[in-house]
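Student: Sharing a structure, written as structure tokens. Questions coming.
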Amino acid sequence: MVFDTIAAISTFPGEAGIGIVRLSGDDALEIISKIFKPYKSKDIKKVKSHTLHYGHIVDPETEEVYDEVLVSIMEKPNTYTREDIVEINCHGGIVVTSKILELVLKQGARLAEPGEFTKRAFLNGRIDLSQAEAVIDIIRAKTMLANRYAQKQLVGYVGSKIKEMKDKIMGLLVHLLALIDFPEEDVEELERKEILETAKEIVEDIDKLIASSESGRIIREGLKTAIIGKPNVGKSSLLNALLKENRAIVTDIPGTTRDIIEEYVNVKGIPIKLIDTAGIRDTDELVEKIGVTKSKEVLAEADLILFVLDASRELTKEDYEIFDILTGKNIIFVLNKIDLPKKIDEKELKDLTKDGIIIEVSTVEKIGLEELENTIYNLVFRGDISLREDEIVINSRHKEALINAKKYMESCVEAIEGGYSEDLITIDLNAALDQLGKITGETATEDLINEIFERFCVGK
């Protein structure tokens, strides 16, 4: 596939030790030869591939030296895009990188669109679409666990699973076409039984991948963890303690937190999206009332609730009312302020929590915080909240395609069991193949491909 030559700054556009201007395309070597003066004069177009060269970037018109650089030369096909790639490693900073990019564009390159380097890797067949999406996940990973899953996808774990299912479906199509061309009653009955078994296996395989979509959301977006409780029990103090910084305002005045505060914290590799909410209580104060409404909305979407109770006060009607709206949720009861004289009634507490998990903490003395983090981690990995360290995770786009593929495969199973003709069965199988192809890109539309790569930053 032939494209023009593109260029972009691939590093952060600000003050930094090093900046990189990347080129990709058939004219990359020609362009760099016009603006790069290597040490010990040599023809940069004839050097060995995958080598690094010291020299200066010089404006060919004015002879002005722009910067002292190292230039990487990588010839196709063994490159990121499977095209000739040149990377100019210059000093960081907006001025130098921008001037070098400007010079490169003046020599005939085009400014790359967001994600265009990775898009070319896909269009040139080096990676499939699921691997391209893994690049975004690696860039956006909030923890090493998220990075680990993204790396598995990048090397083709998702694509290989999809290929296995597609190969099985292709095998079924071959069998069915043989039955259409060479119908023999005894053989046909045996073949249809085998086809039915394989079709059911494929449905099970699809189900396993669909089940991992919730895990994928947690890994990519973080475990949505709402800190809930009545006013002044120490919700904001708990947020600050877990973040190990003062992010939320803490006072003795009930109702201080009026809005939702969201922050990420890394708990043993799991990205936790902590959501500090306004204290839930009946109030006539308009702003606080809006905050309480928002808190209740957060509850509906939360994966985990940290229900904060005050150990230095007796349980109140407000505590019970809050518990009533938490039905069906994963809850950890956080008994805060244990550094103060305990006034909470143990029997009432047991009645309220119904043998739930209770962690005693003091956000002031930093007591119990590690136990709380361990409890969250164990909840996730023992299966109370869906996530397994050894599984392959998928995103919402993959899930939609898999659900559609499953629908067609179930229709295929029904058709075989109902004795329908081979021609009708092949329609469902081909439709399932089409859906699976959307995941890896073979049958993805141009609009879908463009939409995916528009999520990338320029230079990647």
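The backbone N, Cα and C atoms fix where each Cβ goes, glycine too.
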Student: Determine which of ARG22, ARG110, ARG148, ARG397 appears in Swiss-Prot for the same (6S)-5-formyl-5,6,7,8-tetrahydrofolate site as GLU87, ARG126, LYS460.
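Tutor: The one candidate that Swiss-Prot places in that (6S)-5-formyl-5,6,7,8-tetrahydrofolate site: ARG22.
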Student: Counting only other Cβ atoms and using a 10 Å cut-off, which of the binding-site residues ARG22, LYS235, LYS460 scores lowest?
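Tutor: Least crowded of the binding-site residues ARG22, LYS235, LYS460, by Cβ count within 10 Å, is LYS460.
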Student: Nearest to ASN232 (GTP binding site) by Cα, among ARG22, GLU87, ARG126, LYS460 (binding-site residues)?
Tutor: LYS460
Student: Would you kindly give the Cα-Cα distance separating SER236 (Mg(2+) binding site) and LYS460 ((6S)-5-formyl-5,6,7,8-tetrahydrofolate binding site), rounded to the nearest Å?
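Tutor: About 39 Å separate the Cα atoms of these two residues.
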Student: Tell me, how many other CB atoms lie within 10 A of the CB of ASN232 (GTP binding site), whichever protein chain they belong to?
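Tutor: A count of 20.
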Student: Give me the mean pLDDT over the domain 'TrmE-type G' (222-381), rounded to a whole number.
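Tutor: Here the mean pLDDT over the domain 'TrmE-type G' (222-381) amounts to 79.
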Student: Of all the Cα pairs drawn from ARG22, GLU87, ARG126, LYS460, the residues the record ties to (6S)-5-formyl-5,6,7,8-tetrahydrofolate, which distance is largest, in Å?
Tutor: 19
Student: If I take the alpha carbons of ARG126 ((6S)-5-formyl-5,6,7,8-tetrahydrofolate binding site) and LYS235 (GTP binding site), what is the distance between them in whole Å?
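Tutor: Checking the Cα atoms of ARG126 ((6S)-5-formyl-5,6,7,8-tetrahydrofolate binding site) and LYS235 (GTP binding site) gives a distance of 49 Å.
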Student: What is the one among the binding-site residues GLU87, ARG126 whose Cβ has the most other Cβ atoms less than or equal to 10 Å away?
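Tutor: Checking each of GLU87, ARG126, the winner is GLU87.
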